[in-house]
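Some features that TrEMBL has for this protein:
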BINDING   GLN17, HIS118, ASN162, TYR297, TRP420  substrate binding site
ACT_SITE  GLU163  active site, proton donor
ACT_SITE  GLU374  active site, nucleophile
Amino acid sequence: MKFAKDFLFGAASASYQIEGAWNEDGKGETNWDVFSKIPGKTYKGTNGDVAIDHYHRYKEDIKLMAEMGLESYRFSISWARILPTGDGEVNEKGLEFYNQVINECLKYGIVPFVTLYHWDLPLTLEEDGGWTNKRTADAFVKYAEVCFKAFGDRVKHWITFNETVMFCGLGYLKGAHPPGIQNDEKKYFQATHYVFYAHAKAVEIYKQLEQYGEIGITHVFLPAYSVDDKKENILAARHANEYETFWYYDPILKGEYPSYVVQQLKENGWTPSWTKEELDTLKRNAENNDFIGLNYYQPIRVEKNQEAVSSMEHSRETSTLAPGNPSFDGFYRTVKMTDKTYTKWGWEISPQGFLDGLHMLKERYGDIKMYVTENGLGDEDPIIDGEIVDVPRIKYIEEHLKVIKRAIKEGIHLKGYYAWSVIDLLSWLNGYKKQYGFIYVDHDDNLNRKKKLSFHWYKHIIETRGEEL
Ligand SMILES: C[C@@]1(C(=O)O)OC[C@H]2O[C@@H](O)[C@H](O)[C@@H](O)[C@H]2O1
């Protein structure tokens, strides 16, 4: 069986991780432009000043995507190129750059799938409280409307935010991302609320513009499973799903927060300061979401945590989602299982975990359209006789596409797959060591691009619509 004709085979990137040109053509400074230069924050001090120079090489890169037969390209817009101070004047050169990227995609018949926020926040907003300040939510809505009006005639697929749990969790609990705050639960939950509110407002404005495309949000999908059938560990898995999944998906798709978490936030004094207008906005717009984007890499295996945790010390190493760490509230801990396989970064490889999780989502949220907006293998790719022979990545993606095909057969409303990442790019915490791309970038030779083995494999899968999977 082939994937349906309207199933999109894509691949993804993000502005800070590929563009470079960090201070060119009127772009404003972002939180990451500053944070990445604080000694010790990133791997070997890597930053996005140049990244892989996509800002100047986007034509070459998109031509390579076309040679791969890519049907859709998911990329993010850098807010600070459009509104350099976050909510002030529009920068025409910023609009011009993304118009050129969009037009270059359309020249090859590649469908642009645009993420509005992939973690690079204008510095003025970060310095004014970032996502804990409602000003940032209001500024996002202005920025989104500018983008809808500038690009919405050609862009018909919009993602508001990428992985809220990551930029809020690493920003306010682990401190590994800007603003680098550790263990501040009140700020963490407040930030997530203002992101959800900003999302709902942006959805509402998009629908009012009547551009007849589709809009949604992309979340991490990290289904939690108990390590065994002990009652306390099953409860630990429930707790993990409530905080890591339902807290994120419910306000978007149900328009209200999960009562299990709301009750505990109240008990702990972590309840965000939300207004009736904000909660009504969430409720009113839940049905306006056209899809949910899932970034799936792994499930987590959890057990009840036995030791009480005081204020935890975090580091870049404890922020890479490898198993063995306690949850932020100490309720559970993730476990590395002896009978599972893991990546070099300790992430479990589990297509089955994805399939089981998809059914959990369908049971809770019904027939909402879904895209896999990220999935891929972070690896140090083997090079043999000058060729990048990334067979592990081919196997990883093949197994996940097989499960996606099965999920669709079992009634899951999945309409596209975006591999992370189209090209090797800057990892926030791993520099250029953790590769994900179909295209290699040679940092020792003028950032020259080179097709990997997986480039040719994915091209074949797209051409044959995955018939052999
Ligand atoms: C933490 C990590 C990783 O480095 O493996 O997860 C996978 C992927 O998720 C994306 O949304 C990030 O933009 C990208 O940098 C990657 O980040």
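These residue numbers are counts, starting from 1, taken along the chain as shown.
Each Cβ is built from the backbone N, Cα and C atoms, and glycine gets one as well.
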8 Å Cβ shell about GLN17, HIS118, ASN162, TYR297, TRP420 centroid, substrate site members excluded: ALA12, SER13, ALA14, GLU163, ASN295, GLU374, SER421
Inter-residue Cα distance where the pair is the residue listed as 'active site, proton donor' and TRP420 (substrate binding site), in Å: 13
Inter-residue Cα distance where the pair is GLU374 (active site, nucleophile) and ASN162 (substrate binding site), in Å: 10
Where the record names GLN17, HIS118, ASN162, TYR297, TRP420 as binding substrate, the maximum Cα to Cα distance in Å: 19
Of the recorded positions listed as GLN17, HIS118, TYR297, GLU374, the one whose CA lies nearest the CA of GLU163 (active site, proton donor): HIS118
Listed in sequence order, residues with CB under 8 A of the residue listed as 'active site, nucleophile' and six or more positions away: ALA12, THR218, GLY293, LEU294, ASN295, TYR296, TYR297, TYR418, ALA419, TRP420
TYR297 (substrate binding site): tally of other CB atoms within 10 A of its CB: 23
CB within-chain contacts under 8 A for HIS118 (substrate binding site), separation at least 6: ALA14, SER15, TYR16, GLN17, SER76, ASN162
Cβ neighbours of GLN17 (substrate binding site) where a neighbour is any other Cβ within 10 Å: 24
Count of other CB atoms lying within 10 Å of the CB belonging to ASN162 (substrate binding site): 24
Per DSSP, three-state class assigned to GLN17 (substrate binding site): helix
